[in-house]
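Let me begin by presenting the structure, written as structure tokens, before commenting on it.
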Amino acid sequence: MANSSGSSRNLTAADWGGFDDNMQSGGGAAVIDMENMDDTSGSSFEDMGEIHQHMKEEEEEVEGEGVPEDGEEDGAFLGMKGVQGQLGRQVADEMWQAGKRQASKAFNLYANIDILRPYFDVEPIQVRHRLLESMIPVKMISFPQKIAGELYGPLMLVFTMVAILLHGMKSSGTIIREGTLMGTAIGTCFGYWLGVSSFIYFLAYLCNAQITMLQTLSLLGYGLFGHCIVLFITYNIHFHSLFYIFWLCIGGLSTLRMVAVLLSRTVGHTQRLIVCGTMAALHMLFLLYLHFAYHKVVEGILDTLDGQNVPLPIQRVARDLPVGPNTVLNATVQVLLAHSR
């Protein structure tokens, strides 16, 4: 009994001893942890940690912001001239590129031959038909007649008239000096074609005629076909009666053709009379000028140029000899005659 009670005590003591050991070890760990802790509550400790962390972050931000501000101030101070120089170069480069684009656009506009292609894109057979039609007056004037909108035929007729005028001046024995004859012929033909076309277009605009400048140039240019025929024949066959016949027949037919076309495109009797009368008068008088007055005008121009280039003739004026030498000469002659006797 005593043994059993003693063993139970020992077992109990052993069991409690293990428990005590565990408690002591756990208690020792608890004491160490508590010693490392501050005498503050958990919430106040966390608040202090957060405040400390916020202060450190603000200091780092201030330091981080302070360095770039100093760098920016230094860059602004040291690189101001560099920035201005780059800006100036960029502006100059933009101006140069803009000017280059404008110049290239203008060059392409005026140098591109495709712009003039529609005005000269015509077949030779079409030109031949239009030349024949320019000698046939139209009968229907109740509706606008069609006008060819091309310049190839009129331009060739103007150059043909220049060649005919040169042929007529050379066949008459006119001496060419310094290209005056060529320049006069080109100026006369092109001046009439462009000048009269512009004047007729101006009158047509005032009289409300339905015609454009291109159509006026084409109409008047093809109207020169009759003039070329008359001048070519009369420069080789010099008969004034023959010229007047061709002037009325051939020149009159080409003029009637132009008048009929203008009549079909003009509304009102007064407007028709002004436009068509002016066109007919200028066209017929120009043919008379080329046959009768053109040669005289050119010869007058050549004579004027010759008079400016020829030097003045040398004039010989008799000079009076002094009286003294004549007296001595006469006395010498008389003495020689007396000795010879």
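Using N, Cα and C of the backbone, Cβ positions are placed for all residues, glycine too.
The annotation topological domain 'Cytoplasmic' is assigned in Swiss-Prot to 1-146 (among others) on the grounds of similarity to another entry.
Residues or ranges marked as region 'Disordered' in Swiss-Prot: 26-46.
Annotated transmembrane segment per Swiss-Prot: 147-167 (among others), in sequence order. Below 8 angstroms of C-beta separation, residues 118-122, 126-127, 130-131, 181-182, 185-186, 188-190, 193, 211-212, 214-215, 217-222, 224-225, 227-228, 231-232, 235, 261, 290, 294 of the same chain, each at least six residues beyond the ends of the transmembrane segment (147-167), sit close to that stretch.
Annotation comment: Swiss-Prot describes 168-185 (among others) as topological domain 'Lumenal', evidence class a curator's inference.
Counting only same-chain residues 6+ beyond the ends of the transmembrane segment (186-206), those with a CB under 8 A from a CB of the stretch are 154, 158-159, 161-162, 165, 212-213, 216-217, 220-221, 224, 262, 265-266, 274-275, 278-279, 282-283, 286, 290, 294. According to Swiss-Prot, the transmembrane segment annotation covers 186-206 (among others).
Summarising the annotation, Swiss-Prot assigns topological domain 'Cytoplasmic' to 207-212 (among others) and lists a curator's inference as the type of evidence. Counting residues of the topological domain 'Cytoplasmic' (207-212) by DSSP class, helix then strand then coil, yields 0 helix, 0 strand, 6 coil.
If you look up Swiss-Prot, you'll see 213-233 (among others) marked as transmembrane segment, on the strength of sequence analysis. Beyond the transmembrane segment (213-233), the same-chain residues lying 6 or more positions past its ends with a Cβ under 8 Å from any Cβ of the stretch are 119, 130-131, 133-135, 147-151, 153-155, 157-158, 160-161, 164-165, 167-168, 193-194, 196-198, 200-201, 204, 242-243, 246-247, 250-251, 253-255, 257-258, 261-262, 283, 286-287, 290-291.
Taken together, the residues in the topological domain 'Lumenal' (234-242) have a mean pLDDT of 86 on the 0 to 100 scale. Annotation source Swiss-Prot lists topological domain 'Lumenal' at 234-242 (among others).
Annotation comment: Swiss-Prot describes 243-263 (among others) as transmembrane segment. Long-range contacts of the transmembrane segment (243-263) within the same chain, counting only residues at least 6 positions beyond its ends with a Cβ under 8 Å from a Cβ of the stretch, are 133-139, 141, 145, 147, 204, 209, 211, 219-220, 223-227, 229-230, 233-234, 272, 275-276, 279-280, 283-284, 287-288, 291.
Taking Cβ pairs closer than 8 Å, the topological domain 'Cytoplasmic' (264-272) reaches residues 138, 140-145, 204, 207-211 in its own chain, all 6 or more past its ends. According to Swiss-Prot, the feature topological domain 'Cytoplasmic' maps to 264-272 (among others), an assignment based on a curator's inference.
Within its own chain, the transmembrane segment (273-293) has Cβ neighbours under 8 Å at 165, 188, 192, 196, 199-200, 203-204, 207, 209, 220, 223, 227, 230-231, 234, 243, 247, 251-252, 254-255, 258-259, 262-263, 266, counting only residues six or more beyond its boundaries. According to Swiss-Prot, the feature transmembrane segment maps to 273-293 (among others).
Positions annotated as topological domain 'Lumenal' by Swiss-Prot, on the basis of similarity to another entry: 294-341 (among others).
Residues annotated as N-linked glycosylation site in Swiss-Prot: ASN330.
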Residues of the topological domain 'Lumenal' (234-242) by DSSP state, where helix covers H, G and I: 6 helix, 0 strand, 3 coil
Beyond the flanks of the topological domain 'Cytoplasmic' (207-212) by at least 6 residues, Cβ under 8 Å: 144, 147, 149, 201, 219, 262, 265-268, 271-272, 274-275
Cβ contacts under 8 Å made by the topological domain 'Lumenal' (234-242) with residues that lie 6+ beyond its boundaries: 164, 167-168, 171, 291
